[in-house]
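The block underneath contains the structure these notes are about, expressed in structure tokens.
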């Protein structure tokens, strides 16, 4: 993975520090390598100047000293030293707690009074045994500890909170809305304490959940995510014996806003429909979502708090063509519902055609202003409709990008890519650039 993933970047700042080393490097990654290899002190951060290409490895970070503006500098701080909480048993805890759970100040690891330590900075140079901070050099299952300054108590454990229940260094609460589909926090352990496998790794578990295949799912580092509509965020584990597991992430106390007026009529596929129609298109009454009779199912309201599974109202929790429900007829499991369209037109569900314009079309610049009707990729694949989630689920929807004119399955450039593109109807190809040429100067005139 990228060495810079382990750092938090802040542009345009400088920090005052006493303990530092100067190096000449060509880029930030080289400077990060100097920080990792630093032996003069524990490198908590580094500064990189873009004009002079100077690299300063630092013993302090912004939490420990004064910070001020400096236009040409970039500060990179090691994430591990910004966390004041423990992950798992706290082997990598590098916070500054220095008091035991009983309130006794810790003895410095380098001192021999009142207790002669078995664990010293010299014997365990990579265990972070600095000052008198709580640490876990022996991987004790009860977490970080320290020798105490009380002659009658040799050591005791420290009261370090779990990161999964805490606030991150950015100040944002680690919580999830709904089923955590949009969760972008930094929890990276499963609910049983196993460390997550990086998404860009294929060991110990091979998988298809990569940034290339799921570019909108933020599959960074080894953070817990929910790219496939599971009950809550999860990850592959670093244990060969456990392929994957859910993560322990609390639900947010604040809720997403309720849908607007369009929630009472059919817009797109009706995933936001929250009206009270409770009868199918053939006239059958709907079964209540919180019952399992006459049809057993997995759409339990408590499990899917943001899908609007109230009473027996028609809903579209799974990205179907339009809202539907289970019926109270034991011989008919489910049917679509007839919901009036928001624009007043008759409800139509038709397959989008390939549209090849009669006249040759072209785009200017990156094609963000392109509003033509080409809907075929450079390799000849048909484009997927922007409001469809089949065969590819995505977040480039017309309601999220209202100014991008994401109509039908026409080629567009909603995300400032190099040219217009589309998702394809080929299940094995997520997206491709479109079969379009850039307008030359003559055409633009």
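Counting starts with 1 at the first residue shown.
Placement of Cβ uses the backbone N, Cα and C atoms for every residue, glycine included.
Annotation source TrEMBL lists domain 'Apple' at 1-80. What TrEMBL records for 84-163, 174-252, 264-342, 361-439 is domain 'Kringle'. Feature annotation from TrEMBL assigns disulfide bond to 175-252, 196-235, 224-247, 265-342, 286-325, 314-337, 362-439, 383-422, 411-434.
Between the alpha carbons (Cα) of residue 439 (disulfide bond) and residue 411 (disulfide bond) lies a span of roughly 16 Å.
Taking a C-beta cut-off of under 8 angstroms and a sequence separation of 6 or more, residue 422 (disulfide bond) has the following same-chain neighbours: 375, 377, 383, 384, 386, 409, 410, 411, 412, 431, 432, 434. With DSSP states grouped into helix (H, G, I), strand (E, B) and coil, the domain 'Kringle' (361-439) comes out at 0 helix, 17 strand, 62 coil. Remark: the domain 'Kringle' (361-439) contacts the domain 'Kringle' (174-252), by the rule of 3 or more CB pairs under 8 A. On a Cα basis, residue 286 (disulfide bond) lies 34 Å away from residue 247 (disulfide bond). Considering only the disulfide-bonded residues 314, 337, 362, the residues lying within 10 A of residue 325 (disulfide bond) on a C-alpha to C-alpha basis are 314, 337.
Counting every protein chain shown, 26 other Cβ atoms lie within 10 Å of the Cβ of residue 247 (disulfide bond). For residue 224 (disulfide bond), applying a Cβ distance below 8 Å and a minimum sequence separation of six or more within one chain yields 180, 183, 185, 187, 188, 190, 196, 233, 234, 235, 247, 249. In the predicted model, the domain 'Kringle' (174-252) shows an average pLDDT of 86.
The Cβ of residue 337 (disulfide bond) lies under 8 Å from the Cβ of 277, 279, 280, 281, 286, 314, 322, 323, 324, 325, each of these being in the same chain and 6 or more residues away along the sequence.
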